[in-house]
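Undergrad: Got a structure for you, questions after.
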Amino acid sequence: MLTLMLAWVSLIPSILLSPTKYLWAVTTTQSFTLAFLSIPWIFLQNFNLFNSTFLVDKTSAPLMILTCWLFPLTILASQSKLINEPINRQRTYIVNCSILQLSTLLAFAAADLLTFFIFFEASLIPTLFMITRWGAQERRLTAGYSFSLYTLIGAIPLLIWTLKLYEKYGTLYLPTMNLLPQTLTPGSYELLFWATCNLAFLIKLPLFTFHLWLPQAHVEAPIAGSMILAGTLLKLGGYGILRTSFLIQEPATNKALYILALATLGILATALLCLRQTDLKSLIAMSSVSHMNLIIVAVLTCSQWAFSGAMIMMIAHGLTSSTMFCLANTLYERTNTRTMIVLRGTLTMSPLAASWWLFTILLNMALPPTINFNSELLMMLAIYDWSILSFLLVALNLIATTAYTLYLLWSTQRGPFPKHINTTHPLYTREHVLLTLHILPTLLLILKPELIMM
Ligand SMILES: *[C@@H]1O[C@H](CO)[C@@H](O)[C@H](O)[C@H]1NC(C)=O
């Protein structure tokens, strides 16, 4: 852990000091080193590594590795867009990006609930910089406002709740809290109590009806922002819920029935909403919301299978949706549009990119041997066990998912040869490497999914 922290911290002077010509080479190399340094955590899983500051266990290690792994990829993805900007702006961009990833990493690694809270909220600031300074359109300011508004509304109850827990148990150290008698006795306002406690996490995930900030933020953010948002920031919410799941055991399902119903509805509604999107990035964002709501439903049923499924889903979705944003970005960089109807027919221009699209979309749809499928299966089984009605509703989602997957493929790839965009360059090697590094872990994990089970 210390090695890694040193590596992260040393990244900042090297970004600020490295000569202009080598800025991207140096930062990319260094961030890849960092990603590889984080890999050993995967072998630490049955041996809990914790001290008073850090906690690396089955719940946090996969997400921490994901964070470290995505960092070089975000650097790789933003290169071509930023290379034309003034050098100082490039440097602040990378510094902001690394601070964002670092605070996410520290939130995952924190052994203390309050430290977790601090870094959870700290990630807001660099994200806000990314969206408002490097976003493409004027509306980025609105997106920034609503993003911070939603996050801060969630923060207050979470802080109060954390302090209450401290008052009650006298500790916020997570390994100790796991051992405490698991009773939350909030009196007769159980649902309200539970909901306000977890509001911050539910907003971050986001729960349907609290999701409005997400498509906006995704659409306005630069590519690295989108990748980090989809890849790790949303997972902070999921991690928060999983981490505090020892508090929401058995009776939670009844306490949170309304939330469960809302999330079940949300899975379906957002999947159907995907069919109505015209903007490529906002479609991908909506499909993330659908997946994240499935996690909420599953986690609230409080079974071990659901927890494992949710964990796998977070990793699988982090990699897959980040890939989709990269693909959307390759189109955006070439054509300067995200409107799907304008992008029709790109298959005829670059078939290789189209095969990447097909592959990624199939992963997102959870095609059988992939870990996405694994996770959905585990969660669906847990939901089936809990209630057949809810299972049927969730199963309907499969139809909607297939529908929007086909819609995405049809409306961006198929169609007549696009005469207005016939001067684009096929995918660069850098982009192929980027996509491969996203997909490769997903494929490797098929062989041993228990590595990321909780
Ligand atoms: C992040 O970006 C903002 C906006 O450009 C900049 O003012 C700030 O200095 C950056 N942060 C760091 C730590 O460089």
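Just so you know, glycine gets a Cβ as well, placed from its N, Cα and C.
What you see is a predicted model, and the numbers here were worked out from it, not measured in a lab.
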Undergrad: Looking at the ranges 221-241, 431-451, which is given as transmembrane segment in TrEMBL?
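TA: Of 221-241, 431-451, TrEMBL gives transmembrane segment for 221-241.
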Undergrad: What residues elsewhere in the chain lie close to the transmembrane segment (99-120), defined as a C-beta under 8 angstroms and at least 6 residues from its ends?
TA: 1, 8, 50-56, 60, 63-64, 67-68, 70-71, 74, 126-127, 130, 155, 158-159, 162, 165-166, 172-175, 177, 200, 204, 228, 232-233, 236, 239-240, 243-244
Undergrad: Can you give the mean pLDDT for the domain 'NADH:ubiquinone oxidoreductase chain 4 N-terminal' (1-106), rounded to a whole number?
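TA: The answer is 85, the mean pLDDT of the model over that range.
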Undergrad: Report, as numbers and ranges, every residue of the chain located at least six residues beyond the signal peptide (1-17) whose Cβ falls under 8 Å of a Cβ in that stretch; write 'none' if there are none.
TA: 23, 26-27, 30-31, 33-34, 37-38, 49, 54, 56, 68, 91, 94-95, 98, 102, 105, 109
Undergrad: Do the transmembrane segment (282-300) and the transmembrane segment (221-241) come together with 3 or more C-beta pairs under 8 Å, pairs six or more apart in sequence?
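TA: Yes; at least 3 Cβ pairs under 8 Å.
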Undergrad: Check the transmembrane segment (306-329) against each of 191-214, 221-241, 341-366 and return whichever range has the most CB pairs under 8 Å.
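TA: When the Cβ pairs under 8 Å are tallied, 221-241 comes out ahead.
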Undergrad: With Cβ-Cβ distances below 8 Å as the criterion, list the same-chain residues six or more beyond the ends of the transmembrane segment (63-79) that contact it, or say none.
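TA: Sequence-remote neighbours of the transmembrane segment (63-79) are 4, 24, 27-28, 31-32, 34-35, 37-39, 41-42, 56, 93-94, 97-98, 101, 104-105, 108-109, 222-224, 227-228, 231-232, 235, 239, 314-315, 318-319, 322, 326, 329, 430, 433-434, 437-438, 441.
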